[in-house]
Amino acid sequence: MEITHDFTKVDEILTSYGMQQAYLIAIMQDIQTEYHYLPKEILEYISEKLELSIAKVYSVATFYENFSLEPKGKYILRICDGTACHVRKSIPILERLRKELNLSAHKTTTDDMLFTLETVSCLGACGLAPVMTLNDTVHPAMTPDKAMELLTSIRENDSVDSLETASSSNDMKETGGKNNE
Amino acid sequence: MSKGIMYIDDMRVPFDGEKNVLSVIRKAGIDIPTFCYYSELSVYGACRMCVVENEWGSIEASCSMIPKDGMKIRTNTAKLQKHRKMILELLLSSHCRDCTTCEKNGKCKLQELALRLGINRVRFQDTRETIELDTSSPAIVRNNNKCILCGDCVRVCDEIQGMGILDFVHRGSNLQVMPAFNRKLSETKCINCGQCAAVCPTGAITIKQDIDRVWDAIFDPTKHVVVQIAPAVRVAIGEEFGLKAGDNVIGKLVTALKRIGFDEVFDTTLGADLTVMEEANEFLERFEKSENLPLFTSCCPAWVRYVEMNKPELLPHISSCKSPMEMFAAVLKEHYKSIQDTLKKEAIVVAIMPCTAKKYEAAREEFLRDNVPDVDYVITTQELSTMIKQSGLIFRELENNATDMPFGMGSGAGVIFGATGGVAEAVIRRCYSKKTSATLKDLEFCGVRGMSALKEATVLINNHEIKIAVVHGLHNAQLLLEEIESGNVQYDLVEVMACPGGCIGGAGQPFGLANKKVKRADGLYSADRLSQVKSSEENPMVLSLYDGLLKDKAHSLLHVNYTDR
């Protein structure tokens, strides 16, 4: 986890917000989009640049459920557990995936950093319940079996991908999109 | 500034510029309860204890209400009583309630209000998991099991001290106050000033206690235990025994310490005199060469730690003088080493300080010789008051006694070290070549005294204008540093004390707001007025030290070099 970060991207983000403290949340959102989580070193870096105490930055980062301080997997699976999805049996999907990926409520990311599995309170797509997202793509009317199929296809595509583009950067959104085609 | 008349419980109460209804209520003689309100901090409105009912029956927190002409409020109604009791019951339900063994027992606001409001039962179970204590800091202990989330520590650390070490983390039922990444305090840039502990209404943040270790030393027949008392202690400790803030009780203190069992009792004021001698020389030397100006004072260990960690480029500007406590301790240890053959006991130096950062300073490696610290134990004013109570002494009735020789005499210049501006004034006194009472009087009014955030003065020494700045409260110091760095202002001598008011407002003192600090400062200035010796170099003890013990050793015993951390 202790990677030394190249701060050029962070500097770009900070500059795009004019280095203003008031944009702390927006800055952290952009950082999370870039790194899929908020790395400690980067939080320290922006606290210094924005002249905010690190305790304040950490306070804001932990206040919002959407910010993550833990590294996330390449593929982020979110099972909606809002009321509509819950009554349409979202939990069995979650349990099946957890069993398959060897994850739990406390351990949400696989050791190979490929998958992160979490629940969300409501995706606002109740008509499609039970809903699950893979990175930014929505998968409607899921069942445990369909979820397993999805998992298998991601795994297959990912191994092909990594063989083909072993050295290219892994733009998550694109990879995620590909898998859904 | 708004003016008008309010009606509080049907009483007509005029207001004139009060920031909030709470202050008007208190002015009307009603002690409305709060946990999170301090006039010196921003209004937070977290604890909801100060709720009042308006004429339409709705309930608001008076700390966040602006007084308006004709406003009618009630402070004690059935609804309010029910509300306050419920809030308190809920606070208590998620609070570790081991009052009898709590550091804050008897001084806890939560305990006090539970008694006042008549909480005789807590219906709800505490279901939270126990949170581990943070005992990593040499000065401060954090126990989040006792935190009521009032945010006082967060605001004092940020607004007054400009450090922002603590903040709220997570939210809702998981909310906690902690440093970033749940680090231990010792892993943060905490300067150990202890102001968070001073404002904490409960036992969530307390000062690390060293009382037991001091008792052990006192009761150990192989040890010769001596004690030094810092200037600020004498004008505050009386408050713990029903005396007024500012009452100088040094005479009673000496008696109490002797009765407790200390072998010899000395006054840190002599250490302050040595600091004045060394710092004045250092200043004049630098001033002549215009080298590394401004010179920043180094008496305050919290300030020194701040510079080391945040502004290492300023280190050459920090005076190389040890603090009075460390100078005096070095002298004492040297003295007992020289008489070791006749003493045949191990000398233990205890320091009674208004300060929590002194606990950290005493343990610094710079002040260890052969792995033994010059100051073995530091206890705060409050800890000493506990020891006095433990001994069963009736403090108010103790007779006066004088400190022991040969280190028992300090000058007026040394005594005023305890108040903001004191160090600067004492150093300038030393630099003045002609010390008539008129020139000293001029100095008194030159502007270094008082409680303004930043004090500036220009004095004439040997026909040179010397520009002085005095700041207290680390946030004020940071603002001043910005000005100095940007070149907007220029000074020759800058005194910095991390705590508001200087040492008299240290976190080891009994808790007091600005009005108490003013009285404590007055107490020190009147001790100065009454003292026969006004200036450090006129103190015969100082002279005999330089002729004797300190001969050829002054530099090694009295100076130190701080480094980038």
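The backbone N, Cα and C atoms fix where each Cβ goes, and this holds for glycine too.
The Cβ of A:Cys80 ([2Fe-2S] cluster binding site) lies under 8 Å from the Cβ of A:Ser90, A:Thr119, A:Val120, A:Ser121, A:Cys122, A:Leu123, A:Ala125, A:Ala129, A:Pro130, A:Val131, A:Met132, A:Thr133, each on the same chain and at least six residues away in sequence. Per TrEMBL, the feature [2Fe-2S] cluster binding site maps to A:Cys80, A:Cys85, A:Cys122, A:Cys126.
Sequence annotations record features per position, and here TrEMBL assigns compositional bias 'Polar residues' to A:160-170.
Annotated compositional bias 'Basic and acidic residues' per TrEMBL: A:171-181, in sequence order.
Annotation source TrEMBL lists region 'Disordered' at A:158-181.
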Where A:Cys126 ([2Fe-2S] cluster binding site) sits in the secondary structure, as DSSP reduces it to three classes: helix
Neighbours of A:Cys80, A:Cys85, A:Cys122, A:Cys126 excl. site residues, C-beta within 8 Å of centre, [2Fe-2S] cluster: A:Asp81, A:Gly82, A:Thr83, A:Ala84, A:His86, A:Ser90, A:Val120, A:Ser121, A:Leu123, A:Gly124, A:Ala125, A:Ala129, A:Pro130, A:Val131
Entry from the binding-site residues list A:Cys85, A:Cys122, A:Cys126 having the most other CB atoms no farther than 10 A: A:Cys85
